[in-house]
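S.K.: First, the structure itself, so that you have it in front of you.
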Amino acid sequence: MSSGHPSDNEEPRADLLREEEEEEEEEEDSDEDRGSTRPASPQATRECAGTQGSSRPEVTADGGTGSASGSGCRGSGACDSLFSWICRRKIRRGPYVDPARDHFRTMTRLYSSMSPAADSVNLSTQTHGAVFNLEYSPDGSVLTVACEQTEVLLFDPVSSRHIKTLVEAHEDCVNNIRFLDNRLFATCSDDTTIALWDLRKLNSKVCSLHGHASWVKNIEYDTHTRLLVTSGFDGNVITWDTNRFTEDGCPHKKFFHTRYLMRMRLTPDCSKMLISTSSGYLLILHDLDLTQSLEVGSYRILRARRPPLSTGSSAGSRSGGPRHTIDNKNHPHREGLSPRNSLEVLTPEIPGERDRGNCITSLQLHPKGWATLLRCSSNMDDQEWTCVYEFQEGAPPRPPVSPRCSLRLTHYIEEANVGRGYIKELCFSPDGRLICSPYGYGVRLLAFDENCAELVDCMPVRTAQLREVRSIYSHSDVVLTSKFSPTHCQFASGCLSGRVALYQPHF
């Protein structure tokens, strides 16, 4: 099939196509016997290979075939048949099977063989202190490190080469880093400020943002409105209009306030905001509108209304118990519709922690918005768990007598109770199939099942334990943070003594 003109030897090719189709039907039957029912991938049509020559067939808008050069193809019927055969050969069972299935199997094997890179970034100096956060740029070309002693470090994650040290990025601990795009990123600190930086000019900040009254702990970014969203231990969630920033800062306003705030996250589509607290509450703002401020009653009232967790085995028990909803009705443009920024207050179910309080320390979201990932500790700080909660669709904005929560506990695993008092930041892999969790002096790669399947493909009827894919112990102190590269088969971890380790497949 080296020729780009299928008009030559059409009859032998037709016989070959019939033989190949029979083979593919046999493969389809074997695939069905194995129970492979993964949904279609948008890459299915993009990855269909063409033939050589100037008349390379391509997929057109109406699903037919076209020509890269626009000159047409001799023997259009045979060309269509050839193209259909190539398509079937590539995606096996047509549009109902993910063409990246084998790719995921390969990635699973690669991640199972992960080891610290021989030339891993080894930072054990006394200048920058503990590593609190790691963040890759969206294109994976830069790894940034937030450090305890006012510094931000930048590295090339492929070569492990040190690029730059921002020696006095802040006046106190740097807690979190967030990229707005491939060049612009933001850092926040215990000095109560947020700083904007440009990778093309790191000698000085783009601007400093002042508005919090206490330690600023994490940063989110709404790509739709281009609003920067920050949260801190003052209990405030503040929005910053980066469309109008100057050297003196950005226009900002307080969006939300609650006591005991720990972490705040936006879902990938920015339709929800999740807030975790040190008192065990998880707050969800549905139908999010960051342009409006949300005023609610005091947190003391919400705390008094905290319901006991159910100990039954019903669906309500697995979903985390009852919920309360507080609606913001002061939106004339939404009159007659479900109110924007309706607040749901949950006490997520924690395995083995039904009668005691707990603290939600780390909060992450599935890259496809299917679930939330929590790191929880007991009120006595003697146990820790990693828990996955599925977002349940169709949760009503106003609860009936026996409401269903928006979240349901699906998977969990107990963690090593090492480094009490420190927050351990977990992360999802870019495809959402793996979780990297700090585990004592190392990290664990966790999956939803033994095949590292998608969450939606292995949703358990009852709460199940996460499966351990691999444990790697490469630090001499407690690991505090971990992060997957968005583009490479690589992840990084940082520990209390200041060392950063890069992990790559071992060949």
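All positions are counted from 1 along the displayed chain.
Positions of Cβ are set from backbone N, Cα and C atoms, glycine also.
TrEMBL does not curate its annotations; it predicts them automatically.
Annotated region 'Disordered' per TrEMBL: 1-75, 307-343, in sequence order. Annotated compositional bias 'Basic and acidic residues' per TrEMBL: 7-17, 324-337, in sequence order. Annotation source TrEMBL lists compositional bias 'Acidic residues' at 18-32. Summarising the annotation, TrEMBL assigns compositional bias 'Gly residues' to 63-75. What TrEMBL records for 167-200, 209-241 is repeat 'WD'.
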S.K.: What same-chain residues lie close to the repeat 'WD' (167-200): Cβ under 8 Å, and 6 or more beyond its ends?
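M.R.: Apart from its flanks, the repeat 'WD' (167-200) reaches 129, 132-139, 141-142, 144, 146-152, 154, 206-210, 212-221, 228, 230, 232, 240, 242, 245.
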S.K.: Under the DSSP assignment, what numbers of helix, strand and coil residues are found in the repeat 'WD' (167-200)?
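M.R.: Computed counts for the repeat 'WD' (167-200) are 0 helix, 18 strand, 16 coil.
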S.K.: Tell me the residue counts in helix, strand and coil for the repeat 'WD' (209-241), as DSSP assigns them.
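M.R.: Tallied per class, the repeat 'WD' (209-241) gives 0 helix, 21 strand, 12 coil.
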